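If you check TrEMBL, you get these features:
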- Glu68, Glu98, His101, Glu186: Fe cation 1 binding site (BINDING)
- Glu98, Glu150, Glu186, His189: Fe cation 2 binding site (BINDING)
Amino acid sequence: MQRAVFAHIALHDWTHVFSPLRIRQCCLKHRALPVQLSSRAYSVIPPPCDEAEKALLHSMLRVDHAGEYGANRIYAGQMAVLGRTQTGPLIQEMWDQEKKHLAKFNEILAENRVRPTLLLPLWNIAGFLLGAGTALLGKEGAMACTVAVEESISEHYNSQIRALMEEDPDRYVELLKLIKEFRDDEMEHHDTGLEHDAESLPGYKLLKSAIQLGCTAAIFASQRL
């Protein structure tokens, strides 16, 4: 009897059971869940430990968002004047990078429930007028504006990098990585402005100083409002 059973088993067609497709389906059905390599539950900003850290991070993110918003409006103003000239593609390339920066800060603010500065309507108008006004001076005027603004933003990012490094570089590793990346982009724009005759504009130093004074005031106000 047992021999008959074993013979039946041996002669049975098992290909429908152990076919490659069935084996793959079985493996997919019962495969183990992927191993979580990191316990980090946030993308860039760690959950604040207390109200003091929350206030510090929110102020930092608010002013960074405002800066990128203002830079976008400046490039929009420049493109409104010079968009159809030979300088247009160069300005557009820098503007496209600023759009990515702003989109990332929009995402971070929403993720961490950070209120944008109340001064955005003002920066909307002021940024566009600054960009368009300097572009009316020609390519050199637009590039002078770019040098002044991007230098101010880069210096501001550097101050944040120093503060975070002194506080806890391991805790803020993702935020530091992001700020350094954006800082490098801003310095690239700064260097591009110099390479395209910014310093040849009559009154370059005076214009640069005036724009940077405005940037300093905007940073101060956006941190607090």
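All residue numbers here begin at 1 and follow the chain in the order shown.
Glycine residues also receive a Cβ, built from the backbone N, Cα and C atoms like all the rest.
Put simply, His189 (Fe cation 2 binding site) is 10 Å from Glu98 (Fe cation 1 binding site) when counted between their Cα atoms. Of the chain residues outside the Fe cation 2 site list Glu98, Glu150, Glu186, His189, Ala71, Met94, Gln97, Thr146, Val149, Ile153, Ser154, Asp185, Met187, Glu188, His190 have their Cβ within 8 Å of the site's Cβ mean position. The distance from the Cα of Glu68 (Fe cation 1 binding site) to the Cα of His189 (Fe cation 2 binding site) comes to 13 Å. Counting only the Cα atoms, the space from His189 (Fe cation 2 binding site) to His101 (Fe cation 1 binding site) is about 13 angstrom.
The distance from the Cα of His101 (Fe cation 1 binding site) to the Cα of Glu150 (Fe cation 2 binding site) comes to 13 Å. For the pair Glu186 (Fe cation 1 binding site) and Glu150 (Fe cation 2 binding site), the C-alpha distance works out to 5 angstrom. Around His189 (Fe cation 2 binding site), taking its Cβ as the centre, 24 other Cβ atoms fall within 10 Å, counting all chains.
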